[in-house]
Amino acid sequence: MWLPWALLLLWVPGCFALSKCRTVAGPVGGSLSVQCPYEKEHRTLNKYWCRPPQIFLCDKIVETKGSAGKRNGRVSIRDSPANLSFTVTLENLTEEDAGTYWCGVDTPWLRDFHDPVVEVEVSVFPASTSMTPASITAAKTSTITTAFPPVSSTTLFAVGATHSASIQEETEEVVNSQLPLLLSLLALLLLLLVGASLLAWRMFQKWIKAGDHSELSQNPKQAATQSELHYANLELLMWPLQEKPAPPREVEVEYSTVASPREELHYASVVFDSNTNRIAAQRPREEEPDSDYSVIRKT
């Protein structure tokens, strides 16, 4: 899984093409020199002295520019193309100078995929307090020179491949240890994003409500009119169902007899004599009262 990362690290100059670790030592306040060999094809290239890289690139302390020497504080470097080696000198040693260093050749990217380097372990031991002042002075001015035999590029590449496997394991451990932190940061970012979205939504709703209130305040009369209650009487018209026309009902007929008012009665004393029958026969017969009929219909 991490093989592409290991290959990428092999392409970075100054990383992971190491020879076997060499150890040099010097007293506190003294100095020491380290002689680092290189191949013939690296004669014109720049050489450097650096701390091992923490991530990708190593932290170069001092580097040559051509054949001229270079100094950076208490550390100096000088190239000797005739001897196919360069020398690094550390002066006025302190306990903080102890540790692992690399002396390497800065190869161009297109010529080589890795820098051939030699790992050097520097140890600093305290100066003996039982020495005489003359001995202490001699210790301070003493110089320890360590020369390493040349190491071929093939050996460097093989050792670098072995070391890259260990670097790969260390990288996996670092990533695994930092994975919970990355997941926590991702969860925090998601929570912040959700919170920002909710806040923006609430502000948008408030803005819409504020716009509605401003429109009502601009038209107070219209707002008052709209707020009043209006009542109206609604009369519902009942429309008959569209059914077949009902047959007309029979007309009820009522009959009544209307008689003219009778004349008032008159009483008289009548004396019948022999001529009565004749008079009665001669007297005209009274007509019967007329009867009027009318038809009253109930609608």
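Note that Cβ sites are derived from N, Cα and C of the backbone, with glycine treated the same way.
Per Swiss-Prot, the cysteine from C15, C21, C36 that shares a disulfide bond with C103 is C36. For the topological domain 'Extracellular' (18-180), the predicted model reports an average pLDDT of 72.
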